[in-house]
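Trainee: Copying in the features that TrEMBL gives for the protein in this structure:
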type	residues	note
DOMAIN	156-616	domain 'Peptidase S8/S53'
ACT_SITE	Asp165	active site, charge relay system
ACT_SITE	His392	active site, charge relay system
ACT_SITE	Ser578	active site, charge relay system
DOMAIN	666-772	domain 'Tripeptidyl-peptidase II first Ig-like'
DOMAIN	792-876	domain 'Tripeptidyl-peptidase II galactose-binding'
DOMAIN	918-1034	domain 'Tripeptidyl peptidase II second Ig-like'
Amino acid sequence: MLSSHIASSSCSGLRLGSTSCLKLKARKGCVHRRCGSGLLPVQSRLQGRSFRLPNAKRGVPPHNSLGTAIKNFKWQDLQSSWISSNRELLSHDFPRNFSVLGSQDTYSTSMDFNEGSYRTEFNYPSSSDSHFLEGLMPKKGIEAIQFLEEHPEYDGRGITVAIFDSGVDPAAAGLQVTTDGKPKVIDVLDCTGSGDVDTSTIVTADEDGFITGASGARLQINKEWINPTGEWRVGSKLAFSLFTGTLINRLKGERKKKWDEKQREALTEALRQLTEFDKKHLKPTEPALKKAREDLQNRVDFIQKQSDSYEDNGPVIDAVVWHDGNLWRAALDTQDMEEESGLGKLADCTPLTNYRMERKYGVFTRMDACTYVLNIFDDGNVLSIVTDCSPHGTHVAGITAAHHPEEPLLNGVAPGAQIVSCKIGDTRLGSMEMGTGLVRALIAVVETKCDLINMSYGEPTSMPNYGRFIQLAEEVVNKHGVIFVSSAGNNGPSLTTVGAPGGTSSSILSVGAYVTPSMAASAHSLVETPTEGVQYTWSSRGPTADGDIGVTLSALGGAVAPVPKWTLQPRMLMNGTSMSSPCACGGIALVLSALKAEGRKISPHVVRKALENTAAPVHDVPEETLTIGRGLLQVDRAYKYLQTCEELPPVHYTVEVGRGPNTGVTFRGVYLREAYDCRQASEWNITVKPQFPEDADNLNQVVPFEERVKLESGNLSWLKCPEYLLLTNNGRSFNIVVDPTGLKDGLHYAEVVGVDSEAPWRGPLFRIPVTICKPLELKTSPPVASFSNLSFVPGAIERRFISVPEGTTWAEATLKMAGFDTPRRFYVNAVQLVPKQRPFVWSSFVNFQSPSSKSFAFPLIGGVTMELTIAQFWSSGNGSHIPATADVEIEYHSLLGVNNEVLIKGSEGTARVDVKAALGSETLAPSATLKKVRVAYRPVEAKVAPLSALRDKLTDGRQINALTLTYKFSLAEGGNVTPRIPILNGRMYDNEFESQFYMLCDSNKRVLSMGDVYPVGVKLSKGDYTLLLHIRFSQLHIQL
């Protein structure tokens, strides 16, 4: 799932996913399902400006951009002219200077494409307008601006960033060239296969130069195309299968409008002919005339009925692939998509080869304005048509590395960096990620020698730091030196809401989302901005279920950044950890750019330690570490830190935590939240082991390694540890004691840190997080919990931990708000943790227009601690200085079925249901409805085969295989069918298999439904059906 929120004048309703606030699909939640508020249309300031452009052609108005809002014209036409090939500008003569009407500011630009250099100089007025633009693409809060002022050449040059996302539009604003004139986007890949076209069918042209396409259309071949073999490979694709739901809806609306016009014309003509016939033949008696009138009437009726049965499945694209003697090339026939006849012919299409070879792209039509890229695999048998499946990926790439030579304040964090787009969001699944795309993306990272990965996707997991993708990601980091950055998730503000893979994996940097006053003013257009920065309310919090911190650090979590051209706007506002992750990724790219330029070896673990130990603390409350991580990323400090420790060995430390001796179960921290854990002290075994790179010199690096470590725990009475530790290559173990018995109910956080006693300036070498959520134990009967006089200001959060009585099945809560003068918005969450299950979460958004009370009912698990979280949205009530006060009362209820499921055997007509009320008297009104029938099927066929050696072979040579299981079933009557594979469903990252994917077909082999770990129901009629289940794995010996 995607981890972001969207707001703009035209796209504020887009759905984006990762437990995020707005989601591409309600499912996996960057992991996130919240809606932002207080976001005004970004483009509302763009009206009412005029400009004078020297040397501009008459009748061609200047391109409208955000600059028009602030009297600073930014030459958008220049930027948008970089299409397909980045060298096309050689033939153009651009004005060297331009000015804005009513302004004394002059802007100059110089370009030399022959030498690969590009430079733009701007003289900006000292005004609030600059602060406005800075707030739209914020960088100051992470010291990026200060760093670039001191080191302008370390702007990301030499660094390649892989964007694991929904796809990047290479034609989008700011994504054409780097600051030193190199191509910005160097490869564009659809790792999911959602755009694949089977082009294995070979045809030859007739004597007139025509071939028959896969759709049956007669297609003319361009005579200038070189094809020594004369073999043309053909395939076809439904255009709508390549587009996002938003674009499809727009195209359907426009196509329906034109269809209605033609339908009305046809109906008018039919009625005219019928009317003229009736005038000419008042009462026809002859059979021929009666038949003629009947035909005319039937024609009218038929045309009228067409509106009722109208259905638009979209146009068909014909694809042709051939080898020109040097490269595989492909072209598309899009005549079916064009508004006017004669356009979109195959012969008029510019042939493309794999994007990385020539870096060219195409656009389907003017109506859709959708950019596409072509890649050809498997000796011409597969054509990949690459489109994005949401604006999310382009926006993320823009935050990381956009370069706007005409509007430098809107540059991404690292404008000199290059981008590799790895589409992991599957268009067939509404942009949700799947394992196939994730693994192929990791393969591409190694092949293209990327330095960084940004992944703004994720969802909850049942087992942190576990699964096939996590293993492969660790290999990419540890063996290939790639730094992996990912969003923490948007499922906050409760604890343990970080998503996988970012927030739950040791090898990945997890980034939370922070908002500054400048961002609140510029991007969110708040009437009154907060006096200081704050973590976005929805940003996910740690710790992980196994005690790790969860959030590594935080970065700026919102921006107005480029979006694909099919959105019909150059940029839009999005906010979420999807935005903070690329902000941090861009900041890290600046640091890596400096290290590369200085010829220094880059270790992802040393860089990570620098980032963690130089992050700026935002709060002095230890518990806030679970919210913001080590602090706010600071680029300049991290760079200076790395300069001072250049001679230190590239070592990182693994920490394993065990409770008691030889239990066999290890954690990454101490996490106590159940009542029985807090009633006594406990001893924990800690094992710390240094990890060297694979190419480390045993004799000169590993053998002499020795760290004299001082252990510190903050002098807390409830946390004790040894004072010193001598650490060598083989690692050491020691014990710590945690005693929560004397603590008050609530959240307590501390760390045991290991510091180099001879160089304490290095900061902690390793940390053991210790989190205690001591719950309130209820003594009353029936059990009731109440809390009074809770105070709320914007961004305030109140947490209460309650030991839910055994036998509880649901609770009823009443929230009474008072003392405020303006409307307020609150999050109310209840979270419980069960081992090896996803967090059990109930959440609600509550709006209070005035002081009042609201009640809720939500399910609970008896005997498991509940965290009740009440948070005032960060931007709610900012225009008021009066805090709101709250009183909360929670009543617990119980109705327990003795059996979890009611099973009626076929030979028996009834089934007994026993129910008990464990906490007190309850009213029961039983009723039963048989809604679902569960039928088990065995596969009728199973095949194992290796996949493509080009796209599906791991970097160490391991071949990925596929198990294809075929199931057949029949329906005697229609109904809604949901195919389920219980052992695999609901497990995306915490799965040993790489991916799963199914297709449900009817007897005519028409695909009716597709799905992966989250199966969806489909309405089927009576008939025979086939389900194909595709499971990818690397091991030949598997067992289902």
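Any Cβ shown, glycine's included, is placed from N, Cα and C.
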Trainee: Take the C-beta pairs under 8 A between the domain 'Tripeptidyl-peptidase II galactose-binding' (792-876) and each of 156-616, 666-772, 918-1034. Which stretch has the highest count?
Mentor: 156-616
Trainee: Counting other Cβ atoms within 10 Å, pick out the least crowded of the active-site residues Asp165, His392, Ser578.
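Mentor: Per-residue Cβ counts within 10 Å for the active-site residues Asp165, His392, Ser578 bottom out at Asp165.
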Trainee: Counting each residue once, how many in the domain 'Tripeptidyl peptidase II second Ig-like' (918-1034) are helix, strand and coil under DSSP?
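Mentor: The domain 'Tripeptidyl peptidase II second Ig-like' (918-1034) comes out at 0 helix, 49 strand, 68 coil.
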Trainee: In angstrom units, rounded to an integer, how far apart are the Cα atoms of His392 (active site, charge relay system) and Ser578 (active site, charge relay system)?
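Mentor: Roughly 8 Å, rounded to the nearest whole number.
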Trainee: Distance between Asp165 (active site, charge relay system) and Ser578 (active site, charge relay system) at the Cα atoms, whole Å?
Mentor: 10
Trainee: Mean pLDDT for the domain 'Tripeptidyl-peptidase II first Ig-like' (666-772), as a whole number?
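Mentor: On average, pLDDT over the domain 'Tripeptidyl-peptidase II first Ig-like' (666-772) sits at 95.
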Trainee: By DSSP, how many residues in the domain 'Tripeptidyl-peptidase II first Ig-like' (666-772) are helix, how many strand, and how many coil?
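Mentor: Final tally across the stretch: 12 helix, 55 strand, 40 coil.
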